[in-house]
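Asker: According to TrEMBL, the transmembrane segment annotation covers B:28-45, B:57-82, B:102-121, B:128-146, B:158-175, B:187-206, B:212-231.
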């Protein structure tokens, strides 16, 4: 089972698709969750996910915006997609009936 | 200026991470202070994660608790040997004897220090500097208490406590080889242990019992580790390098 932060990274990486790399993932997580995401937490989690075979990373192109330095590109593997889907389904099922999830379609009132 | 400071601090990170982290910080236009916190925080987090496995503990505690005492003893032997050889009364008989003692003690120190550095870097390369800090701890403790005098001819000479750290330069070569993942060959690895074996044979005849020999063999674990790395089954699985 994934951890919460692992799920966030997998989801954002899948959403960004071809444009998924460290800084972009970090920005998306901060904007969508309203929480600060440290570079250390991001990259150590990306490494852990890669070690589990849920992500694949490689060095991308350097851009002038980055001071001529390379990006670390990220892609979700099929195993990563499966793990994220399992996590999402588990969270959705377990949330049914909870007060904060009662407005969701299909939830018991 | 800011970039120079960040480049300097980023040396804490491995080269591949350095490139990515500095690029991300430049892209997000982070301030100097927050960039420094991000780099140092990342480096600390990486170090802490490394210490969750058993290898760094083996490299650090195994070396600090065992080999460091042997290294300090050898460093002291080298200093005393050099002092005797350099300051002894001019006599060909004594000079050659002192020179032999000094050479053997230097060989023993080289073998133990090189193999200890190599083993520490090889077992856990990411935490090698942490291992070195743990290893130097007992030496610093002994440095504070150090008081050794030796009689040379008619003079009594007090040794400098810095002699306890004579092993450090030799160990640096071992660390360098370990970080470069050099693979030792059987004969050079055995040559590292031979000076100790000669010493053990000589000491058995003089005063030390089997306990001493067993203890020294245990303290020599980095040398045995080196020999183990040269075994055909281990060598077969990995790329072979020369020592």
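Using N, Cα and C of the backbone, Cβ positions are placed for all residues, glycine too.
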Asker: Count the CB pairs under 8 A between the transmembrane segment (B:57-82) and each of B:102-121, B:128-146, B:158-175, B:212-231, then give me the winner.
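Answerer: Most Cβ pairs under 8 Å with the transmembrane segment (B:57-82) come from B:102-121.
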Asker: Quick one: do the transmembrane segment (B:158-175) and the transmembrane segment (B:212-231) reach 3+ CB pairs under 8 Å, ignoring pairs fewer than 6 apart in sequence?
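Answerer: With fewer than 3 qualifying Cβ pairs, these stretches do not touch.
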